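Single-structure report; data block below.
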Amino acid sequence: KRVGSATSLSSSIINNRLQELVKLFKERTEKVKEKLTDLDITSDDETPDASPAKLAPVAAPVPPPGGEPEGDKPVGDEHYCEMLCCTFKYRPWLHHLKNYQFPSSIDPLTNLMYVLWLFFVVMAWNWNCWLIPVRWAFPYQTPSNIHCWLFVDYLCDLIYLLDILVFQTRLQFVRGGDIITDKKAMKENYLQSQRFKMDVVCLLPLDFLYLKVGVNPLLRFPRCLKYMAFFEFNSRLESILSKAYIYRVIRTTAYLLYSLHVNSCLYYWASAYEGLGSTTWVYDGEGNSYIRCYYWAVKTLITIGGLPDPKTLFEIVFQLLNYFTGVFAFSIMIGQMRDVVGAATAGQTYYRSCMDDTIKYMNSYKIPKTVQNRVKMWYEYTWHSQGMLDESELLVQLPDKMRLDMAINVNYNIVSKVALFQGCDRQMVFDMLKRLRSVVYLPNDYVCKKGEIGREMYIIQAGQVQVLGGPDGKTVLVTLKPGSVFGEISLLAAGGGNRRTANVVAHGFANLFILDKKDLNEILVHYPESQKLLRKKAKRMLQNNKRKDEKGAPGDPLIIRPKASTPKLFRAALAAMGRTGRKGPLAQLQWRLKELKATQATQVSMGRMAIWLCFLRCQAAALPDQLQRLSLRCLKGVSSGHRGLTPIPPKSPVHRRSPVISNKAPTGPGEEISSKSSDSLVTIRVISTAQEEEEILAAEISEKEEEKKEE
């Protein structure tokens, strides 16, 4: 017994192990199939995790004598350096800065380093533009601080020189559609440009005249001609700013302040020319000279009034020129400010106009207030969440390639996770991304209803939706969050399988991407392999859903439970008993059932045969005597020699008599004529009816005949 139990135990262990191996092989086969059908799936075996049990070091590191191993040192020790008796820590960015190599060519459109350099160039240009007039008009440049002014001046000149020698000669340019990056070609392109000529004029060495006329700031006026760098910096900065209109407003305000700044400098120069305090119109020399002159310039250019009248001819001419200049300058500034603010609020203006037109339309058709409030809510939420009413309007003007790039960055991470599209052609997925459209749903809006035809697939971009079900249709089955996808089976289902199976309601505000079935079919025409794969996946998903529906949810009560199928064990036992020579009660039961079916079929065939013979005999009774005898002999031969045949009986027991003339006497209605066969087993009765030339034929089989058939 112990040997038998040990054997059975070992056999059970072997069987269990074999089952585990079979299961593992099946899982591996499924993974290989998925990898072959879906190129995006990466196998777990390709990048195995390094385990310490499998990996052995080639050579163990030898720790230095009297110290810790190198691997135990903290990472921060790599940035320490010793100098004399102290230890200093230097930043990693300093190390990167030391090893930095200046690029041989610079892309002026996308290189942020070039934008940063332009910022320094513009700062140097602003220094010259703002402070040269101040140093020329006001007595702020004195022999005691002349060295500070000259230091900053020459620092700005150095920035100008570096811009010419280092940066401008390395700028890429486009020639015939090609981006030129050759050093010689870039240098020649800059030397032949108008900007090079202006840069050379900016750096004219007029400072040598300081030795003869003294340090006169007006000799540095050519430094203000580097205005091209200023406009280039504005263009590059606006392209990288998310809210460029703010910078435009600041820049326009700076234009106005600079014009007032120049006017204040001119007013102080005119006052000094006439003599400070000589008349009531000039500056009297009290207080802060710059602030008081700036105040006068503001009142003059904006034409506020309240200024003293000019006395001399010089003062009158100066004031007239000031007024004319102020009118034109101020009107230009106001117009430019209006354009900047209008461009900044163009979207808001469009939103308000659409809102007003919609409200006017709803009021004209007397739409209920509840519907109007929901429409207004949709407008407000869509505008505040997206900053626009329709995203597609911005992408219409872009080329197809750029629209695809934007769609990939926005939607590809979500669409690539949809199980239905995994394994499809990547270009097909890209074409599908361009067909997605964004729709905003309000709280409690039905995204789709149960039973309706599904023509769209939904991808949740923001917000949440709830799937409702249950007997009342209001039970929350699941809540879908951003990144979830639903309705994908409806894109490919056919033959009634594309009906919605549940209600989906927006829980709060929800922003969804929608893919229309028509758009997908237009795309799949060009990708037949992907179309086949999608059909197979959709069919498999539908089958899985049907199985789930047949099983039913655990909480759903079944009104009519499905019929239980025959147990597999019982079917196997019946099959086994059938192969053992019909031994045992199960085999005998099966044999008895077969005999009963054969007996029932024989009885039915014999009954049909008897009725058919009776019918033929009645037909023979209407023939002449000689033919009647001949036909009866033939019928007896047929009935005795072909009992096993099953002729086709007539369609109805009511028989319409043949038009052949009969010699029998007429009978009244209700009378019957009976006749028996030669063996007295079959009795045929003919019953007359009330209708003329219509009789009922009846055939009876005796009990002896039935007993013989059963034997």
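For all residues, glycine too, the Cβ spot is worked out from N, Cα and C.
Curation does not apply to TrEMBL; its annotations are automatic.
Positions annotated as domain 'Cyclic nucleotide-binding' by TrEMBL: 420-524.
Among the features that TrEMBL reports, region 'Disordered' is placed at 36-73 (among others).
Annotation comment: TrEMBL describes 641-679 (among others) as region 'Disordered'.
Summarising the annotation, TrEMBL assigns transmembrane segment to 112-134 (among others).
According to TrEMBL, the feature transmembrane segment maps to 146-167 (among others).
For the domain 'Cyclic nucleotide-binding' (420-524), the predicted model reports an average pLDDT of 84. Sequence-remote contacts of a segment are chain residues at least 6 beyond its ends whose Cβ falls under 8 Å from one of its Cβ atoms, and for the transmembrane segment (146-167) they are 102, 106, 114, 117, 120-121, 124-125, 127-128, 135, 196, 199-200, 202-203, 215, 220, 223, 226, 229.
Note: the domain 'Cyclic nucleotide-binding' (420-524) comprises 21 helix, 46 strand, 38 coil (DSSP; helix = H, G, I, strand = E, B).
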